[in-house]
Amino acid sequence: MAASPHTLSSRLLTGWVGGCVWYLEGRAMQESPREFMHLFRSVRKQWMTFQHFTFLRRMYVTQLNRSLNQQVKRKPEPTASPFLERSSLAQAKAETCAMRPLPPPHLPLSRKPNDKELLELESASVIEGSLDVGRETKDEKQWKEMKLHLDDLPGVLARLSKIKLTALVVSTTSAGFALAPGPFDLPCFLLTFVGTGLASCAANSINQFFEVPFDSNMNRTKNRPLVRGQISPLLAVSFATCCAVPGVALLTWGVNPLTGALGVFNIFLYTCCYTPLKKISIANTWVGAVVGAIPPVMGWTAATGSLDAGAFLLGGILYSWQFPHFNALSWGLREDYSRGGYCMMSVTHPALCRRVALRHCLALIGLSAAAPVLDVTTWTFPAISLPINLYISYLGFRFYVDADRKSSRKLFFCSLWHLPLFLLLMLTCKRPPGATCAGGDSGLPTW
């Protein structure tokens with residue numbers, strides 16, 4: 001067995017000298033591990049101090065140079081000019097292109113990094129972070145940039161006027177004109193078609209002009225032209241005026257004053273009553289249903305020049321159809337409407353929303369039965385329209401019971417094909433001119 005070093009030395013030196021040597025060697029062997037650990041801790045502490053110093057120096061540099069500071073995304077200022085945003089975006093793009101990321105140096109694992117290598121690593125991470133911030137800023141600001149070319153103007157104005165909703169308004173007006181008794185007058189129909197479309201474009205444009213602050217908070221409407229800044233509010237109001245004036249003029253002097261008056265009343269009701277009520281009361285849904293019920297009445301008055309029972313029947317059909325259509329749509333957009341600050345039945349009164357939708361689905365069956373009584377259609381119409389009315393009533397009942405997105409989506413998509421099919425069946429079953437019910441005159445007055 002091998003002997004320890006201090007045992008060997010004590011054997012070589014005997015007596016008092018050997019005892020002193022043995023004591024000193026043992027004391028050295030006991031103190032060596034303790035001194036080594038103390039030295040390691042002091043070096044480690046000094047290295048951590050240098051790391052803290054480097055971190056503080058980096059924070060000082062980033063405070064001086066704002067382009068390298070990773071900032072939190074801020075909500076864009078509403079008063080900022082789109083042209084200034086374009087220039088700032090170009091400047092940020094130039095700065096991003098000017099900086100090139102430094103490749104991080106690869107350090108061997110067998111040794112500790114020195115001061116220079118630590119600085120290179122930290123500078124590379126800071127520059128890469130600033131480049132990521134530059135890319136996020138570019139992606140965030142790209143959708144707000146105002147880029148309007150002459151070729152894009154028709155599409156922007158079509159979205160401003162809600163071209164799909166305008167098409168629905170014009171189609172219901174045309175159905176009212178075709179269902180009216182009497183011969184079909186093509187020039188009068190074309191004037192009614194164009195005048196109603198222009199009036200609808202004007203009302204929708206003014207509606208978007210008033211709702212810009214609220215539409216910007218909704219995912220459904222945040223990409224509208226005025227919200228994105230594609231056109232100025234002055235251009236939107238000018239477009240609405242250029243649509244309203246000739247539209248009302250065509251309806252008043254090209255068709256008849258009664259139809260022109262209904263057009264003016266509908267623009268006023270939609271822009272000055274329905275639009276502000278959306279932020280105040282759930283009564284906006286009933287007011288909006290009246291707005292949607294007036295176009296077929298305008299078509300009837302354009303053909304006959306009077307308001308009689310058939311006009312009110314068509315208005316009642318459109319009035320009742322809008323409740324399952326809109327209530328089912330708003331049910332899936334409750335979070336959006338709540339974020340936008342709108343007061344909707346689906347948000348504040350969900351049970352009433354489902355109940356009203358079911359009630360008006362059943363009302364369509366009664367209105368179909370009233371059509372032959374009022375000499376609008378033959379008695380075939382209530383029979384052939386009963387299956388689609390029963391189906392939409394069934395979906396309304398499922399929406400009332402289940403109260404979920406799946407049932408509301410089914411009811412909404414059913415309403416999209418129910419109305420055109422319903423009006424087409426009315427046209428096919430229209431009562432021929434001169435024919436009356438078996439009971440004679442309906443006895444209702446003609447205005």
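Glycine residues also receive a Cβ, built from the backbone N, Cα and C atoms like all the rest.
Positions annotated as transmembrane segment by TrEMBL: 190-210, 231-252, 258-277, 284-303, 309-331, 352-373, 379-399.
By the Cβ criterion (under 8 Å, sequence separation of 6 or more), the transmembrane segment (190-210) is not in contact with the transmembrane segment (352-373), since fewer than 3 such pairs are found.
Between the transmembrane segment (284-303) and the listed ranges 231-252, 258-277, 309-331, 379-399, the one holding the most Cβ pairs under 8 Å is 309-331.
Long-range contacts of the transmembrane segment (352-373) within the same chain, counting only residues at least 6 positions beyond its ends with a Cβ under 8 Å from a Cβ of the stretch, are 282, 285, 313, 316-317, 319-324, 327-328, 330-331, 344-346, 379, 381-382, 385-386, 389-390, 392-393, 395-397, 399-400, 403, 411, 422, 426, 431, 437, 442. Using a Cβ-Cβ cut-off under 8 Å and counting only residues 6 or more beyond its ends in the same chain, the transmembrane segment (309-331) has close neighbours at 172, 175-176, 179-181, 285, 288-290, 292-297, 299-301, 337, 344-347, 350, 353-354, 356-361, 363-364, 367, 370-371, 374-376, 392, 395-396, 399, 405, 408-409, 411-412, 415-416, 418-419, 422, 442, 444.
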